[in-house]
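Asks: Dumping the structure here so I can ask a few things about it.
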Amino acid sequence: MGHARTYLGFDIIRRILTNYFGYNVTLCMNITDIDDKIIDRANTRGISITELSRKYEQEFHEDMEQLNVLPPDVLTRVTEYMDDIVTYINDIIIKGLAYESNGSVYFAVEEFSSAANHQYCKLCPEQVNNAELLAEGEGKLTQEFTSDKRSPRDFALWKKSKSGEPSWSSPWGEGRPGWHIECSVMASDVFTQMGIPDGRMDIHSGGVDLKFPHHDNEMAQAEAHSGCAQWVNYFVHSGHLHIQGLKMSKSLKNFITIRQALEINTARQIRFCFLKHQYNAPMDYGDNTLRGAMDTEKKFVEFFHNVKAALRNAGGLVSDQAQRWGDEEFALDAATTACMKKVDKAFRDDFDTPGVLTALSDLIKDMNKYLEAVEISDTHKVIALVVRRAGLFVTKILKVLGLIPDNSGVEMGFPFDGTDDVNREEALAPILDVLMSFRSTVRDAARAKDMKGVLTACDEFRDDDLPPLGIRLEDKTGTSVWKLEDAAKLVLEREQAIAQKLQKEEEKRKAVEIAKLKEEAAKISPIEYMTQILIDVENIKVKKYSKFGEDGMPTHFHDGEELKKNQLKTAKKEFSAQKKANDKYMKKMEQQK
């Protein structure tokens, strides 16, 4: 999901640039299919690096498709650019900004920094001497070659291969590219052949942890090769994804895969989740965050239902009823125009998607006010054109953000499963089967004069039978309303509601259980309590303290070691807390006599 946050965020930016601002965006995606980590993993599994990298590349593209992330325009793989990489490195050597050493080639950072028109470490100048990040950027398989460098800050352009490692021929011997050079070569080649001078690019994207040394080194290499002063105009870096305050990572074993996430939430809910946070800000991923995304999605779903219902009730865009606007229509139209301006401003402010959602939410509130005002009026009816304008604008922006597919086939709102040209019998059969079963259940209950059974059947019809058919039935005051939605979404929504109910019941049960345990523990005097405290020692429960003073305070641990000053302080806190709980319990018992 850390990767999902990055690629979804940049997919959203790409869509905004293309579908809102009208830019012709060419996206080049570089695939690193050879590096130290890939070699290490392939050796562990006993397979080739090609087999390993293609497997995970395919899974990546499948995951992106499931998340409705648009494919790149150009895809490059390192292993398909080896000759270009060797030539590129040799050009940098000829310019005196790289050198060969013991079969490897290193970028000469000092020479580059002192050269006219060049500057090293533009993104993170404060990290320029960070040895840990520099070592991480070189890869663990080449750490033993660090003595070959002229300077610790120099980084590998070409790595000498050790026995058993994949290698390619070069003027400096058998080896493979360094991590940073790959992207510089491939992107420069693609954009140069598209007619862009020096292969420069407008926007370079990646995770925030790639700023230094990876992106700084990429720029240095490309600028050293071409002689230009600025290879990239803008960088966009996605913020870290955290779980319970910790960065999501494989090393911490706290990561969630995209496929696991899609078993619980829809791609649209996940996209809403990320849209509610600025793309470059850190965010916490968890139940509360996803619940907020689901609430936001529900708000928009209800908005479209209400707008469509209002348009149906209006009898067409231009009906026989009066079309003259009153104060309510002018107010709604002004709110729509204001929303358009807010959305435009937010998009121009570093792709402020939380601001966009806030602006759209404000328009939803204004729409609800309008519909409520019309509903309670005896004379004023909905004017469809003003309602439609707001609905179409919200639809347009949600399409821009990738929340509504471009090929959805609907003019307004979210699409739902179903087509207009399906066979009538095939379309109606599942609904008729459910209705027939419902009728049979209600008849049996009515004959038995079981009113509770009738009501239960009605609830099950609404909650269990209709959602799999893509039908939402809502009870209103004195009536009911049907709404068509995506069947899978309704079923998932039902499962989520049941899961939340069970979770609340479990939390309530645990709270009662904890309260009961606390009450039982409160019955014990503090002196006796201190003798019963248990701790784990090599997976065995033992009493924490072994010796006590006359006042009941412990003096020695279970192993006979005497308590130190700070440990005595901790013990006193335990004693004091138990005394407070015991006193409260005894007072309660006295009051009940």
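Glycine residues also receive a Cβ, built from the backbone N, Cα and C atoms like all the rest.
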Asks: Quick check on the annotations: TrEMBL lists coiled coil for one of 307-342, 343-378, 487-522. Which range is it?
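Replies: Going through 307-342, 343-378, 487-522 one by one, TrEMBL flags 487-522 as coiled coil.
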Asks: Tell me which range among 54-73, 154-173, 194-213, 574-593 TrEMBL lists as region 'Disordered'.
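Replies: From TrEMBL, the annotated region 'Disordered' range turns out to be 574-593.
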Asks: Other than its close neighbours in sequence, what residues sit by the region 'Disordered' (574-593), given a CB gap under 8 Å and a spacing of at least six beyond its ends?
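Replies: Residues 518-519, 521-526, 529-530, 533, 552-553 contact the region 'Disordered' (574-593) from elsewhere in the chain.
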Asks: Which residue counts does DSSP yield for the domain 'Cysteinyl-tRNA synthetase class Ia DALR' (342-403) in the helix, strand and coil classes, in that order?
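Replies: Going through the domain 'Cysteinyl-tRNA synthetase class Ia DALR' (342-403) residue by residue, I get 48 helix, 0 strand, 14 coil.
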